[in-house]
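A.B. asks: Here's a structure for you.
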Amino acid sequence: MTAENSSVTEFILAGLTDSPGLQIPLFFLFLSFYVATVVGNLGLITLIGLNSHLHIPMYFFLFNLSFIDFSYSTTLTPKMLMSFVSKKNIISYAGCMTQFFFFCFFVFSESYILSAMAYDRYVAICKPLLCMVTMSPQVCLLLLSGVYGMGIFGAVTHMGNIMFMTFCADNLVNHYMCDIIPFLEQSCNNSYIHLLVVFIVVTIGIGVPIVTIFISYGFILSSILHISSTEGRAKAFSTCSSHIIVVCLFFGSGAFMYLKPPSILPLDQGKVSSVFYTAVVPMLYPLIYSLRNKDVKVALKKTLSRKLFS
């Protein structure tokens, strides 16, 4: 940290809203979101771990996706819940930087694991005979190391960007979490450079996975159109539908928040839109994969029947 910022020891998080009448209803609303997120993602993790027929690349990545969603929701939501019931929501400088680091790490990791899942779907549909070789356990672990490696890259780069900022305003952060956009508002040195760094890093975090996903689904669509039977095409589409919905939710909400200049999307509106991908989207993923995936439904029935029988 630069010498100018050495006096900053804590931040005050403004929270999602300052309306007293909304505090308690929002607390219970987001508490229910968080409970559903924890139960859904930990349930999916447990289900995949207990059922050996789900120990294939597709569910290996889904296991890690659920872990990432649970982790980054836990990084943010408890502090947001405190903002609804605390008169003054204070977070230490070290705590704020820790929250921001893990938030960046898990968000970048999620964007790249979604691209790894798209590649897995490409191999399964376009090269089914080579699937076991192409997506071997060694390859899956290599892809996973790349996923978390990009998560570290995104977190470290954003943290380095903050370290060169000089905060000349008060320590009030106009957000319910520690994020790069409100820090840019408080920076009194050349914010254009910092904004450019944010745009480049977020483009790498979103742009590269999106290109990978588009290329993968381009080949997938081409292969599906060459399938002669209607039943075969429907089955191929069904294996990809859950992933496509998740990709649209995650990248759509993230791009809306971070790839628009602040003049187009003011921070007060931006922090409301960020609720969608920090609190709502992680809750929806287990529902999407549970309701639209026959293997998960079968595994759930088997697990419940074993528990009831025992």
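Along the chain as shown, residues are numbered 1 onward.
A Cβ is built for glycine as well, from the same backbone N, Cα and C atoms used for every other residue.
Just so you know, TrEMBL annotations are computer predictions that nobody has curated.
When I checked TrEMBL for this same protein, it listed these features:
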- 40-289: domain 'G-protein coupled receptors family 1 profile' (DOMAIN)
- 26-47: transmembrane segment (TRANSMEM)
- 59-78: transmembrane segment (TRANSMEM)
- 90-108: transmembrane segment (TRANSMEM)
- 129-156: transmembrane segment (TRANSMEM)
- 192-225: transmembrane segment (TRANSMEM)
- 237-259: transmembrane segment (TRANSMEM)
- 274-291: transmembrane segment (TRANSMEM)
A.B. asks: Which whole-number mean pLDDT does the model give the domain 'G-protein coupled receptors family 1 profile' (40-289)?
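C.D. replies: For the domain 'G-protein coupled receptors family 1 profile' (40-289), the model's average pLDDT rounds to 84.
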A.B. asks: Count, for each of 59-78, 90-108, 129-156, 192-225, 274-291, the Cβ pairs lying under 8 Å from the transmembrane segment (26-47), and report the range with the highest count.
C.D. replies: 59-78
A.B. asks: Which listed range (59-78, 129-156, 192-225, 274-291) shows the maximal number of Cβ pairs under 8 Å with respect to the transmembrane segment (90-108)?
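C.D. replies: Per the Cβ under 8 Å count, 129-156.
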A.B. asks: Taking residues 6+ outside the transmembrane segment (129-156), which of them lie with a CB under 8 Å of any CB in it?
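C.D. replies: That would be 57, 60-61, 64, 101-102, 104-109, 111-113, 116, 119-120, 123, 201, 204-205.
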A.B. asks: For the transmembrane segment (192-225), give me same-chain residues lying six or more residues beyond its boundaries with a C-beta closer than 8 angstroms to one of its C-beta atoms, as numbers and ranges.
C.D. replies: 107-108, 111-112, 114-115, 118-119, 121-122, 125-126, 150, 154, 157-158, 161, 164-165, 180-181, 184, 233, 236-237, 240, 244, 247, 251, 254-255, 258-259
